[in-house]
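Trainee: Got a structure here, written out as structure tokens. Questions coming.
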Amino acid sequence: MNPVIKKFQFGQSTVTLETGRIARQASGAVLVTVDDDVSVLVTVVGAKQADPGKGFFPLSVHYQEKTYAAGKIPGGFFKREGRPSEKETLTSRLIDRPIRPLFPEGFMNEVQVVCTVVSTSKKTDPDIAAMIGTSAALAISGIPFDGPIGAARVAFHESTGYLLNPTYEQLAASSLDMVVAGTEEAVLMVESEAKELTEDQMLGAVLFAHDEFQSVIKAVKELAAEAAKPTWDWDWAAAPEATELLGAIRAEFGEAISQAYTITVKADRYARLGELKDQVVAKLSGEEGQPSASDVKAAFGEIEYRTVRENIVNGKPRIDGRDTRTVRPLNIEVGVLPKTHGSALFTRGETQALVVATLGTARDAQLLDTLEGEKKDPFMLHYNFPPFSVGECGRMGGAGRREIGHGRLARRSVQAMLPAADVFPYTIRVVSEITESNGSSSMASVCGASLALMDAGVPMKAPVAGIAMGLVKEGEKFAVLTDILGDEDHLGDMDFKVAGTAKGVTALQMDIKIKGITEEIMEIALGQALEARLNILGQMNQIIGQSRTELSANAPTMIAMKIDTDKIRDVIGKGGATIRAICEETKASIDIEDDGSIKIFGETKEAAEAARQRVLGITAEAEIGKIYVGKVERIVDFGAFVNILPGKDGLVHISMLSDARVEKVTDILKEGQEVEVLVLDVDNRGRIKLSIKDVAAAKASGV
């Protein structure tokens, strides 16, 4: 073994790249260690044979966190890692997005990237180490790849400015959590959430990260110079263009294709383009000496691509007739589902989201078992994309990677505007059902989520809206598009999603398919996005401008109270018997914290209030000079014990029964009898002294 090791400084951290010691049968393998904090093993394997029948580049990225990395044993019956967690799925997507555009066009060999977290101190997120390792493993693998890439996480504090690769603790106090990846020349991917930062601050963070991760790219190049395998014998040049075929299609069908792209209804447009494609295939393939049907279809697609892009950069109307800055018509409704806690139907052109907010108790929070330990998440946002939303039949089942990713983006967009847990201690679940889709369904989910939460009475700090921007760049000409359609996303060069309030940005996601995106283009895109966001917020505010002052009648009632910590065991009871009895009898749920904070949730106000009274009864202290209605529990020779509060009995001495002389207590009282008693005293041992004979005088004096 002759391992090759490269060390470099990355911000405050020392990063070590090592290859040649572990996983030597992979095409490329790198162990990335950041200080003594995180170690990630990244392997890349490329199939030697192409699979052109797939019709897409078969790249798969698998990020996995092993529990042994944090010195833990997995839970569950089998005691081993199972299906990928949401965090693992999202990180896999984060790594996939910047590397996918850097493989050559037409490359159809399967490539699999596996990133395994093998050691962590749980202080920082291992995702940046995994991205650096992926860049390095690809660079030394010999697989055709136009890298390397660098990656960095950026935080922001008003007082100290931008911070490179923050710890979890530093992120908690930050106004920004942004991951940026790209090549030496260009930014390729941005994923972020923020607390209402300005567009300039967001752009500054992107440029800061790009400058900082140049050290990563330099180190990877140095590693590759020493340890890279021979580059595959792959023809990087694209297949020779079928000039004659393209010319024939354009000559005979070019005008018809151009006209088809003026049909504004997506289904009608697709139907017309399908007819034209069939006509082209029938006319130009099938006979001996003619191109194959697949070649003709590919050429037809190229004509479509060029037609749409040429129209846009030359200033012609877009597919649906809009100019570059106009948002599609909006239709907004709230309270559309009578039995839900909050609901909204948000329609933008041919994209529609039915969004529902549900409030639950603290026990409904999602339990997350992470490398950092178990924690509860009181906010969930789930995004569903059924096949009928695009007029197709398809698989129904659990959420895929795309749905998980879109749901997380929508969650990031609204999370900063949610109230603090001590102000609004409900668990919140938002579900976005995409019922129609023609571009930017994730941003429709953001708008719908904000509306549904306000409809449910969740005290949002401010309404949130989102917009998707696109880009078409041909040479020096470019056009930034507001509110892109599905076709514009597919045929364009950039997907740029921005969400925020009227005050600032709360989420930014960017994926770029080409090189040469300049600071100027990003600045224009952010400016147009702000203009569109304010337009959408204005229309949303006309329907519901602030959260409802009362929760839905269908939502659970929550009562918060606090008791002395010494009383917690009294409320819980032996083996939980007391609290269990209260919950069963009142149909409410009770959560008690170690500091004595209690949250009572009831399906109705009456249930919650009944439980509160029971808790008050258990925790209340007898007040000297107060009259109580009590029940005689036990009679003794010298008096009677009367229960005045749950678990609290006081003694009425025989001399305190009546002004007249009493021979026997049973002459006055019997067990089970209800009587009014006055609290005379409570000694330092908690013993309560009661009187019956002084009740009348106390009442007369106004007690």
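From the backbone N, Cα and C atoms, a Cβ is placed for every residue, glycine too.
Here the structure is a predicted model, which means the values were calculated and not measured.
Quick paste of what Swiss-Prot says about this protein:
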| type | residues | note |
| --- | --- | --- |
| BINDING | Asp489, Asp495 | Mg(2+) binding site |
| DOMAIN | 556-615 | domain 'KH' |
| DOMAIN | 625-693 | domain 'S1 motif' |
Trainee: From the DSSP assignment alone, can you count helix, strand and coil residues within the domain 'KH' (556-615)?
Mentor: 32 helix, 17 strand, 11 coil
Trainee: Specify the count of other C-beta atoms within 10 Å of the C-beta of Asp495 (Mg(2+) binding site).
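Mentor: Its Cβ shell of radius 10 Å holds 21 other Cβ atoms.
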Trainee: Within the domain 'S1 motif' (625-693), count helix residues (DSSP H, G, I), strand residues (E, B) and coil residues, in that order.
Mentor: 6 helix, 36 strand, 27 coil
Trainee: Going by DSSP, is Asp489 (Mg(2+) binding site) sitting in a helix, a strand, or coil?
Mentor: helix
Trainee: My understanding is the cutoff is Cβ-Cβ under 8 Å with a sequence separation of 6 or more in the same chain; which residues meet that for Asp489 (Mg(2+) binding site)?
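Mentor: Sequence-distant Cβ neighbours: Gly439, Ser440, Ala468, Gly470, Asp495.
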